[in-house]
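Q: Structure provided below as structure tokens; questions to follow.
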């Protein structure tokens, strides 16, 4: 799996950038077009690089001054069916599916900490759905509320900020997380008060036995365990761009349903519901933050040797491979030979 880099550079940096791109085993399809960039004026360079080496290559380009004086655009191609791509992948440590491009992680974290209208709307709607789930004792609606909730991206941004030492990012993320939940709970609480005033909701609806949703305001040790596991899985998925895994993370944590239950408790001044919901919300957020930070810290420090070592083990055994060679696409093709193509579903 390759990534495509599109670079712009002022003329005095072009030679240094070109030399960096042309280092052995770094990149292929290196192109240079001088004086084609109009604003700001400069040169255009492009290349394809194995995903596992994209991060180190981008680091070198940034040290050349390209981050401040030029531009770096990272693109994920849909495919790269040529032999040189396979050779680059074979030479790169680890597997492309395990590669972490920290510049992308940081960019995603910065984006996740930005307050937007859509983020707040989704959170309000999710909390409202969570409140309805409580009133109807519907486990299905609880899952729906969890999936709609957009809050995990902000939690992941805070974790990334801690590991990357971006304390301003940590502050922005936590500020957005707290204020957005306060706003969503306040809006849904007002709607609950309206429902109470019109007789649509009464105290019995809030305090009734709820076999399917009672766990929302009664946290236990498993609440923390689930939050830790979900936080670890979610941050791992985001760091290696496996977003399909995120659905499982969303439906595992109880932040949004707890916020919906809290809004109901505030509308009816039910102390037990309020305190229990606050505890559930706090436990889930804290657990995800701790696990996410730990996973990113491990990836930052040890991920490359871990994945490279695992790749060597996979190559030396028949694990996950019929012919005993990891990364093989079929008979006669192996990453060890530098010409293999992996099977893809």
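For all residues, glycine too, the Cβ spot is worked out from N, Cα and C.
Sharing the feature lines straight out of TrEMBL:
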TRANSMEM  117-135  transmembrane segment
TRANSMEM  141-164  transmembrane segment
TRANSMEM  176-201  transmembrane segment
TRANSMEM  221-240  transmembrane segment
TRANSMEM  247-268  transmembrane segment
TRANSMEM  274-298  transmembrane segment
REGION    324-345  region 'Disordered'
COMPBIAS  333-345  compositional bias 'Basic and acidic residues'
Q: With pairs restricted to those 6 or more apart in sequence, evaluate whether the transmembrane segment (274-298) and the transmembrane segment (221-240) have 3+ C-beta pairs under 8 Å.
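A: They are in contact.
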Q: Which sequence positions outside the transmembrane segment (176-201), separated from its termini by at least 6 residues, show Cβ-Cβ distances below 8 Å to it?
A: 113-115, 119-120, 123-124, 126-128, 131, 135, 151, 154-155, 158, 255, 259-260, 262-264, 266-268, 281, 285
Q: Sort out the residues at least 6 away from either end of the transmembrane segment (247-268), same chain, that have Cβ-Cβ distances under 8 Å to it, and list them.
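A: Tertiary neighbours of the transmembrane segment (247-268) are 123, 126-135, 142-143, 145-149, 151-152, 181, 184-186, 188-189, 191-193, 195-196, 201, 203, 206, 213, 215-217, 219, 223, 226-227, 229-231, 233-234, 237, 274, 276-278, 280-281, 284-285, 288.
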